[in-house]
Amino acid sequence: MPDSWALSIAAQVAWLNIGYEVISEALILPLAFILGQAILNPLEFQKRAISSLGVIVLVYGIVTIFVMLFTPQLVAGMQQSNSLIQDTIDYIRLETVAIFISSVYTVLNLLLVLHSKYKALYSLLIIQSALTVISDSVLVSQLPFSYQLGVNGIAITNILVNSLLVIVAFQVLKYNGMKLSFKELRFKNQTWLKLWFKVGSKSGLESLVRNTAFVVMILQLMNQLQQSGTFWVANGFIWGWLLLPVMTLGQVVKREAATSNGLSESRVTSYLIITFGVVVLWLLTMPFWEEFIHTVMGIKDSTSITHLVLIMIGFYVVFALNNVIDSYFYGIGRTDLMLYQSLIVNTLFYGAAFIGYQQGWFIPSLNKVAIMFGLGITLDAVITWALYRMIRKQGQ
């Protein structure tokens, strides 16, 4: 399959990821706060853990079945090239299964975080990274022994890696005395479900607003420029590799904030310093990025991908540091603050950008759209920091 075709197919999953991201941020992100409240009551914690996992499996299961059944109709609505329709359908169905399994692992990972099983978490992170490299090398890469399955290889890698992580995480939890059996699933007389809905609805609305702006102002312009595949792969490298330790650290921040009723300023600062250490590692490995994207990720035109990554990397440094504060907000259940900053950024900044585009003042190009996206990230961080200082003065 030509590289351009693979990128075109892979880019079509962006809408799928956006839909699942809204669900994830409505259901999974608030769980650190919800479960953290019961951390000192093992019986109550286990009830909440089983019930929340049951809800996640049910909701994601329904959405996954829907997507798999109606993938042909959904792909037809994306105006994909006729020659790529069947390949796109196959890829989306595989990726949908991968996302479902990944959602289960995300919950199990959170349970380990909340129980401070850091040794297990580090081991899982190493396993995830190693298996991804091995699977990508065998299924996707340009190496002589690779099957070179293209985008389907990426989806199969995600399925294999997340399935193994789920199995290992279940065993670790069982070893530490937490048996997650759906036989014990109960929804009656669980008042915490209302709090989950209250906190999650704000988080989900924030995600919906943010992702709507992303679709209108970023994804749509990338499609018009026929660069959606390039953008997708560049962000896949950033999120799948560079941000992996950053997001894991965010889970730790959520855990401490949720179980300790907040964090001291010095503790938050220490997490910012750790994040800066990750950024230093980025800088040290930067000379090898292009070769990694070409050899391991199997992208022939790795130069254009690396160029886009280098344009955006400064903005993602801001994102990485901001992730500490975002995680703190989620840990203390202040999803309302996340909603406020999202409304400000996505109505004022992206609203102004949209007007500029409609009036012909803003002429989009790959670099300009990437920079606009990065400026949105930066403005988000500035507002988040202002809100953080505000609640510090108010004593949370």
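Cβ atoms here come from the backbone N, Cα and C positions, even for glycine.
Residues annotated as transmembrane segment in TrEMBL: 20-40 (among others).
Residues annotated as transmembrane segment in TrEMBL: 52-71 (among others).
According to TrEMBL, the transmembrane segment annotation covers 91-114 (among others). Sequence-distant contacts of the transmembrane segment (91-114), counting only residues of its own chain at least 6 positions beyond either end whose CB sits under 8 Å from a CB of the stretch, comprise 9-10, 12-13, 16-17, 20, 24, 28, 31-32, 35-36, 39, 45, 49, 52-53, 56-57, 60-61, 64, 67-68, 71, 74-75, 120-121, 124, 151-152, 154-156, 158-159, 162-163, 165-166, 169-170, 172-173, 178, 251-252, 254-255, 258-259.
Long-range contacts of the transmembrane segment (149-173) within the same chain, counting only residues at least 6 positions beyond its ends with a Cβ under 8 Å from a Cβ of the stretch, are 1, 6, 9-10, 87, 90-91, 94-95, 97-99, 101-102, 104-105, 108-109, 111-112, 117, 120, 124, 127-128, 131-132, 135-136, 139-140, 179-180, 298. The annotation transmembrane segment is assigned in TrEMBL to 149-173 (among others).
Taken from TrEMBL, the feature transmembrane segment covers 231-250 (among others).
Within the chain carrying the transmembrane segment (271-289), a Cβ under 8 angstroms from the stretch's Cβ atoms is held by residues 237, 242, 245-246, 249, 252-253, 306, 309-310, 313, 317, 320-321, 323-324, all 6 or more beyond its ends. The transmembrane segment annotation in TrEMBL covers 271-289 (among others).
Annotation comment: TrEMBL describes 304-325 (among others) as transmembrane segment.
Beyond the transmembrane segment (337-357), the same-chain residues lying 6 or more positions past its ends with a Cβ under 8 Å from any Cβ of the stretch are 202-203, 205-207, 209-210, 212-213, 216-217, 221, 326, 329-330, 364, 372, 375-376, 379-380, 383-384, 387, 391. Taken from TrEMBL, the feature transmembrane segment applies to 337-357 (among others).
Sequence annotations record features per position, and here TrEMBL assigns transmembrane segment to 369-388 (among others).
Long-range contacts of the transmembrane segment (52-71) within the same chain, counting only residues at least 6 positions beyond its ends with a Cβ under 8 Å from a Cβ of the stretch, are 16, 19-20, 23, 27-28, 31, 34-35, 89, 92-93, 96-97, 99-100, 103-104, 107-108, 180, 182, 185, 196. Long-range contacts of the transmembrane segment (20-40) within the same chain, counting only residues at least 6 positions beyond its ends with a Cβ under 8 Å from a Cβ of the stretch, are 48-49, 52, 55-56, 59-60, 63, 99, 103, 106-107, 110-111, 113-115, 192, 195-196, 199-201, 203-204, 206-208, 211, 251, 254-255, 257-259, 330-333, 335. Long-range Cβ contacts of the transmembrane segment (369-388) within its own chain (Cβ-Cβ under 8 Å, at least 6 residues beyond either end) map to 213, 217-218, 221-222, 225, 227, 231, 308, 311-312, 314-316, 318-319, 321-322, 325-326, 328-329, 337, 340-342, 344-346, 349-350, 353.
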